[in-house]
There are 4 protein chains.
Amino acid sequence: MKRIGIFTSGGDAPGMNACIRAAVRTALANGLEVYGIYRGYLGMIEGDIVPLQSSDVSNIIQRGGTILKTARSDEFRTPEGRSKAAENLKKFGIEGLVCIGGDGSFKGASVLYEEHGIKTIGAPGTIDNDLYGTDSTIGYDTAVNTVVEAVDKLRDTAASHNRLFIVEVMGRDAGFIALRSGIACGAEAILVPETPTYIDGLIQKLREGWSRKKHSSIVIVAEGDESGGAYQVADAVKKNFDKYDVRVTILGHIQRGGSPSAYDRVLASEMGYAAVKGLISGKYNVMVGRQGREIVYVPFEKAIKHNKELNKYLLEIAETLSR
Amino acid sequence: MKRIGIFTSGGDAPGMNACIRAAVRTALANGLEVYGIYRGYLGMIEGDIVPLQSSDVSNIIQRGGTILKTARSDEFRTPEGRSKAAENLKKFGIEGLVCIGGDGSFKGASVLYEEHGIKTIGAPGTIDNDLYGTDSTIGYDTAVNTVVEAVDKLRDTAASHNRLFIVEVMGRDAGFIALRSGIACGAEAILVPETPTYIDGLIQKLREGWSRKKHSSIVIVAEGDESGGAYQVADAVKKNFDKYDVRVTILGHIQRGGSPSAYDRVLASEMGYAAVKGLISGKYNVMVGRQGREIVYVPFEKAIKHNKELNKYLLEIAETLSR
Amino acid sequence: MKRIGIFTSGGDAPGMNACIRAAVRTALANGLEVYGIYRGYLGMIEGDIVPLQSSDVSNIIQRGGTILKTARSDEFRTPEGRSKAAENLKKFGIEGLVCIGGDGSFKGASVLYEEHGIKTIGAPGTIDNDLYGTDSTIGYDTAVNTVVEAVDKLRDTAASHNRLFIVEVMGRDAGFIALRSGIACGAEAILVPETPTYIDGLIQKLREGWSRKKHSSIVIVAEGDESGGAYQVADAVKKNFDKYDVRVTILGHIQRGGSPSAYDRVLASEMGYAAVKGLISGKYNVMVGRQGREIVYVPFEKAIKHNKELNKYLLEIAETLSR
Amino acid sequence: MKRIGIFTSGGDAPGMNACIRAAVRTALANGLEVYGIYRGYLGMIEGDIVPLQSSDVSNIIQRGGTILKTARSDEFRTPEGRSKAAENLKKFGIEGLVCIGGDGSFKGASVLYEEHGIKTIGAPGTIDNDLYGTDSTIGYDTAVNTVVEAVDKLRDTAASHNRLFIVEVMGRDAGFIALRSGIACGAEAILVPETPTYIDGLIQKLREGWSRKKHSSIVIVAEGDESGGAYQVADAVKKNFDKYDVRVTILGHIQRGGSPSAYDRVLASEMGYAAVKGLISGKYNVMVGRQGREIVYVPFEKAIKHNKELNKYLLEIAETLSR
């Protein structure tokens, strides 16, 4: 292998730039040439591809977002689109790919291999942490810290006013952000799609807290929780328990941005390094993962099955500590 | 005067604790006794009043919210409620008050004086900066910084995706937060209630920017803008200009919280100091203000008239720099 | 076991409060009474011991430092001191202890057991991460983030002036903080006590970088590096390579403070929970550790041997990415 | 005037980029061409001069440092050096200059005018706030916030250990940073070059505080204080009062970096705008200043005289509130 390409795909996540930097420099240090493909599969189809040197990735490790940008491509979902993409890669002499993204991106890479033999190795770049086979994805730690900092600010206000804040965080299918941030900000309750949400139980808990003079509370709700989200929870609480001044906050897109945390910068560096090392040693159709202290390679089909489980121990701790 | 009371009222604002600390210590240094009244006028009616020592306000200068809490009181809007409040003050021997709050709080203090002769001096504590007679209110600088930090995060994401973010910030009647934060984060447009909002012009501007390869943009909207808010603006843009992936973010209550900025801590300290000094020298029914480099005392009736003007120079700068 | 004590000892670390909160609430949820012992072994000797309720640990999860304070005690190093401590524990009916601290604290606990049969379980609270048997200690992640934020600021200045900054970080015996923060801020070199430091090699690297137009650089030095620290490295560089304007920054005690990161709050919560659960199930003279995804119990004598190794994979990555 | 140049000079300061952006866009909006001169007077001599478009200053408002870099130039101190600089400006057709810097930079600009008739307008870019004629300089508010955040972290640790921290902040000739940051972090004492420092009085104050159970303290020292700095103060305290565990922290260069605060971004935008407007209307050899709510133009010779006074009111407040 002499020349590889690198691209980011799907929603952006803090740490993607650190991963790009690591992959580029590892490739160069191992005698490979590297091309950056802009805007994911869209740029692959349009031939938006440029060579990258070490200095092109200087001073980006601390930046949120992705310098290679990311975009959706409907055309890539068609065989014709993928043929164009493959032709462009051949035209540029690109023999292997590093894809930083989530499940959709890895599915695309699998199909590209089946149809055109393009070998791709993935690095999990998504704040949602919903990929199987890795303890943590690039961007997850930063997103949790962003939530925690925001909720710390809300708590100032909650404590000054005897208020209940219902805070909705990202996670359409998974409660990872909600669970860790809920523990970290001492939330009184954490509502996630993976466990049944009993509004009656929540109200009972708030009532008991109130009677123990706990006059401000935070409830964290994952956007994919079966309750329907923060507004629905707020309505239900207001109808049944009127002591609190109930307020809703939807944290939204700020969760995707910001300078990556130290944890995410190190993880992204490890993963960019391991991705290129894996590609060199012949691996493809696999995602780099971190399991405990080990860096592992997880087949794409396993990684994207959405069966990663929430840590039950943390659920139990959350329950105990919120009393 | 031998004994004064201090309370916070209305929405909480970062820096209120710094102001409480300054007022308490200035009072003690001048031989006065100080009582803290919890939960504003509500605590005044309920007699939730305790003596404060210097050590009670140690280590609070950096905390958001207010240690004295704040609450709404419907009862205080009645003559009976105000009589109870006045009786409690007399019972505790409180001869003057420092009120940290906004226009509603100062109106209440005026009535209390008219009916019961209680002398109050105000310190402007509100993130909205909508009080006449002071360049800046306690909490305003922190709120603007909170908005700017959030928008910096959004810009990472916007730049990675060619997105337009419409960001709604606080300001029901006034565009102060929107204007300063809009300039500080380099927003492409700033929509405030004080000036007419022309959606056509906005779309034209976005169109021109796009043609100049400006593929990510931020628009800041004050919640009180006559457009109706961020969702309305987003809908109008989407209908007329489909290049952008348009997203809405409502920043919400995080704008009220957080550790106060250095600016707000110093301002709040100056104002708490000046409030007590003013009370000692016989001033009342006035709000402490900062005009340029001077600390001034502004009659309540002037301060609360909601006729403070946006800085036209800043509007002009915003217009020029967003090109 | 009916009543336990909890204390913090040694240098403070962000997350200690989160661990106290978790231990207190877990104990109460399991029917135990909990006493807080102030100022570590010093307070144990002086009988500075108070009962703790759930509300005593409200709203502390986000605070740096330790509400139970910490202190050195020379008296505890004597048999007489330890006898006094043991007597006080008996007087208060305390049957087990949770000790949040580092190696010195755990040694003290071991001796207390040997001499007086007091059973202690430890939680590793130290920013240095130098305890064997746990991937991470409470406070380490926050300290690394603090370093990274500081170095990000220095990089602004370095890049504006063509400067070389030599930054000294904490770590008298170990390079854990230096290594992770060095990778996370993209340092050009990382000097740690665990590996030999070749100043000649460093200068050669800076020279090569300069010739490739890399005109600003950051070098991270652990305070315990055999080079002698940042000033010594700076002197050596200045003598041999005069292109750079070389500056030294000693980050110092800010590394111990600050609101804990989300990671540290969750880790501390897990550890406080596990410590009490361990005590209940009969464990003692062990430290709670985290290994990969597992919570483990590590005998004190193993934990404190100072033979924890730096992650070699990270050293290799650091070397590759700094080119 | 058809074409102007812009450069940054002296120590870098957060907000310089915001000022560059404002000046460039204001110039373009007024039909001028703009050239960026890299590395201050050094680049002027070397002809390191490039045209700037609006997009060249996109997405820099939030960045610390200066994209135009800054450097010292001994050659510019010679008539020959200045002749080269003037020739280069003529060669590029540059008719006026915007200089963002401090007193030394403005002196240079004055000489350049005397000798070669080059007209320069200045914007005060320095964290030290030591220029007469403006309430605030670009970077000052950010530097004060950086100090305050660092000291907040130290206070966590101080409070946990009964420690006294002596913190040295920037300010060789002036105590502006020390005074505002000292008030904002509630320092027990603030030592500045503008007022006599009585170590005896300081020790007396610490002693009194200790007897009132104030067991942790922060003292802020400006580096230019006549005591000699933080280490000297620490030694003197240790010799005379041994209750505290005394620690020294030198904050150093982190004070120059970081993303600018909202205040500095707005101020820098105003000043960049006003500088170009001034140049167009025929002003030169003047510095843009902010006095209260007004933007003013201050002759260079007045601005650089180092006779700006500390706000006495703030000194008095600091004294009162630290009790």
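Including glycine, each Cβ sits where the backbone N, Cα and C put it.
Take the ATP site that TrEMBL assigns to A:Arg72, A:Ser73, A:Gly102, A:Asp103, A:Gly104, A:Ser105: the candidate from A:Gly5, A:Gly11, A:Gly15, A:Gly171 listed for it is A:Gly11.
The annotation in TrEMBL ties A:Arg21, A:Ala22, A:Ala23, A:Val24, A:Arg25, A:Gly186, A:Ala187, A:Glu188, A:Arg212, A:Lys214, A:His215, A:Ser216 to ADP, and of the candidates under consideration, A:Arg3, A:Arg155, A:Arg247, the one tied to the same site is A:Arg155. Checking each of the binding-site residues (A:Arg21, A:Ala23, A:Met170, A:Ile254, A:Arg256) against A:Asp103 (ATP binding site), the C-alpha distance stays within 10 Å for none of them. When the C-beta distance to chain C is held to under 8 angstroms, the binding-site residues A:Arg21, A:Arg25, A:Gly102, A:Gly186, A:Arg256 reduce to A:Arg21, A:Arg25, A:Gly186, listed in sequence order. Summarising model confidence by region, the domain 'Phosphofructokinase' (A:3-278) averages a pLDDT of 96. Contacting chain B by the Cβ rule (under 8 Å between Cβ atoms), the binding-site residues A:Ala23, A:Gly186, A:Ser216, A:Arg247 reduce to A:Arg247.
Within 10 Å of the C-beta of A:Arg256 (substrate binding site) we count 26 further C-beta atoms, all protein chains included.
The 10 Å shell around the Cβ of A:Arg247 (substrate binding site) contains 18 further Cβ atoms across the protein chains shown. Comparing Cα positions, A:Ile254 (substrate binding site) lies closest to A:Gly102 out of the binding-site residues A:Arg25, A:Gly102, A:Glu188. Taking every protein chain shown into account, A:Ala23, A:Met170, A:Ile254 are the binding-site residues, and of these the Cβ with the most other Cβ atoms within 10 Å belongs to A:Ala23. A:Arg247 (substrate binding site) falls within a strand when secondary structure is assigned with DSSP. Proximity note: of the listed binding-site residues (A:Gly11, A:Ser73, A:Lys214), A:Gly11 have a CA within 10 Å of the CA of A:Thr126 (substrate binding site), given in sequence order. Separating the Cα atoms of A:Asp128 (substrate binding site) and A:Gly102 (ATP binding site) is a whole-number distance of 9 Å. Contacts of A:Arg21 (ADP binding site) defined by a Cβ separation under 8 A and a same-chain sequence distance of 6+ are given as A:Val57, A:Ile60, A:Ile61, A:Ser269, A:Gly272, in order along the sequence.
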